[in-house]
Amino acid sequence: MNEAIARTGVLRALGAMSGTSLDGVDAAVVETDGIGISGFGPSGYRTYLPQERAILRAALGRWEGAEVDLAGDVVDVAHFEALKEFEGVDIVGFHGQTLAHDPRGRGTLQVGDGAALAGALGVPVVWDFRSDDVRMGGEGAPLAPFFHFACAKWMGAENPLCFLNLGGVGNITWIDPARSAPEEPGALLAFDTGPANAPVNDLMMARRGLEMDEGGALAAQGTVAEGLLEEFLGARYFARMPPKSLDRNDFAFASKLVEGLSDADAAATLTAMCAAAVARGMEHCPKPPARVLVTGGGRRNPVLMEMLAAGLDCAVEPVEAAGLDGDMLEAQAFAYLAVRVARGMPTSCPGTTGVRAAVGGGIVSVPGGG
Ligand SMILES: Nc1ncnc2c1ncn2[C@@H]1O[C@H](COP(=O)(O)OP(=O)(O)OP(=O)(O)O)[C@@H](O)[C@H]1O
Ligand SMILES: CC(=O)N[C@H]1[C@@H]2OC[C@@H](O2)[C@@H](O)[C@@H]1O[C@H](C)C(=O)O
């Protein structure tokens, strides 16, 4: 391992995330010693081309075989292109693309070859962040919570607050910023809330050939089917105590529920399901949060934001209200986590993934081997 990286002091870390919505690679720089955030650096985005997206989609839910290998190649090329322009980088955090996630069964699979990326970029790369946590009995997700804790400190937050990430799947982090470290008992509670944008995206693709319900325009024209919403909330997942996590397609039944509805009513109902799942999840939080800061693409959907605000007893705001970048928070998270892994610090704990004890997962690959 590179000496400078293992030592204390602030590093310039570059994180890369390819999320469940399969839109592209987000990349962002964070300056950190693995504990505090000293600053945020430049960011970038490399979209997946339609043919690349089709390859990734074909591999979703698979654990091995030609489709998985092809998806790995797409991820490797896209990440190299997304990351090669950044300068002065000490270390890279490479999440890869989740293809399958079944922590209590077959495990969790993120494709992407971190050793090859380290060689190509000439920079140490931390990757395979989730496997050790799963091996230790954890859910392997969500992993952003340790970074959310650092963000709460960076903001100077004094009261409990939540970060809510609305990508393909939703995940929430409840934070007590009065605690001194993220692994301290009571500092964090995190879990996946339920499906977020993935079912709406799938509906738009199936019925309209579109990637998303932009601005919630279609949902705004529809009426929520309350009976179906109740049926959705009857799913066992919502009664389960956190920590808990989901695969992108675990809630395929939500899409089935709305099959008989008009396009607009189906969009409205699926959007309401995302918001209702969050409200349900909030019941697990140890204390009511002062505010919920929303990150991920869902914060751009005003219909969803209104439904969220209607279901929660606190301020619901995009993370920009706290001076953060909601398009880059996950990429920044993996930059931050990379430094922690390289320095032997934990990246998850019982409150975030249900792992037996705080653990720092990940492989560190340095250019030229190992
Ligand atoms: N203007 C918008 N209007 C409505 N929805 C939007 C808008 N912009 C983004 N979204 C939704 O947000 C999604 C992308 O969110 P994001 O980039 O946070 O996902 P991700 O990081 O891939 O997912 P995950 O966090 O689950 O891994 C889009 O697929 C779309 O559903
Ligand atoms: C297995 C996996 O890739 N999970 C993702 C996914 O996307 C959102 C939600 O489901 C969250 O659990 C996680 O990502 C975020 C970045 C996390 O680990 O915090």
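Placement of Cβ uses the backbone N, Cα and C atoms for every residue, glycine included.
Quick look at what TrEMBL lists:
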- GLY19, THR20, SER21, LEU22, ASP23, GLY24, VAL25, ASP26: ATP binding site (BINDING)
Shell list (ATP; ref centroid = CB of GLY19, THR20, SER21, LEU22, ASP23, GLY24, VAL25, ASP26; cutoff 8 A):
MET17, SER18, TYR48, GLY167
Would you mind sorting out which binding-site residues among THR20, LEU22, ASP23, GLY24, ASP26 put a C-beta under 6 angstroms from ligand 2?
THR20
Any of the binding-site residues GLY24, VAL25, ASP26 with a C-beta atom under 6 A from ligand 1? Give them in order, or none.
none
Which is it, of LEU22, VAL25: the one of these binding-site residues whose Cβ has the most other Cβ atoms within 10 Å?
VAL25
